[in-house]
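Quick look at what TrEMBL lists:
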type	residues	note
DOMAIN	17-75	domain 'ATPase AAA-type core'
DOMAIN	78-160	domain 'AAA+ ATPase lid'
Amino acid sequence: MALGFPSKLLLILKYSDEADVFLEARDKSEMERNALVSVLLRVMEYYEGILILTTNRIKTFDVAVQSRVHLAVRFQDLSQEDRKKIFRIFYSQLNAGNCHELTKLSEYIDDFEEKFNGRQIRNVFSSAMALARDRNEKVTVKDFKDVVKITKEFQGYLEKETWKAREGVE
């Protein structure tokens with residue numbers, strides 16, 4: 001226990017996939033979240049172990065949290081080759097029993113140029129498989145293309161809305 005806080009709190013943070021709620025700059029209108037950040041700051045101040053927190057929202061990082069971080073590691077975006085490798089890992093799970101067009105899908109992966117992260121690639125793969133499963137059919141290249149198109153459209157919308165929110169535009 002640190003400062004009377006249960007160690008389970010620390011375990012949740014260590015293994016949390018996203019720590020954004022704790023890392024984002026505080027706002028006067030969000031008192032409950034501010035209280036959570038205050039608790040984290042106190043724990044970080046006296047914690048003697050290794051605490052791993054991840055975020056992809058670096059532009060909204062709270063200065064007080066930054067000052068308590070001893071080592072920050074920035075991961076570069078995936079390269080085109082890395083994205084293809086990730087796609088190939090999922091592709092290796094396919095066979096003639098669950099994929100109608102293995103060769104065409106392999107070619108599609110070779111030509112894949114979207115700037116997706118690993119999670120998005122996994123989601124494209126699992127969503128395309130789910131579409132085919134729902135139809136009781138084998139997955140096709142069209143399933144992958146459909147999911148990629150929807151993902152790109154949503155990503156564009158999300159980026160646009162995020163910038164509008166940051167700039168205070170309604």
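Placed from the backbone N, Cα and C atoms, the Cβ positions cover glycine too.
Bear in mind that TrEMBL entries carry predicted annotations, made automatically and left uncurated.
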- Taking DSSP H, G, I as helix and E, B as strand, the domain 'AAA+ ATPase lid' (78-160) contains 58 helix, 2 strand, 23 coil
- How many helix, strand and coil residues does the domain 'ATPase AAA-type core' (17-75) contain under DSSP? 27 helix, 2 strand, 30 coil
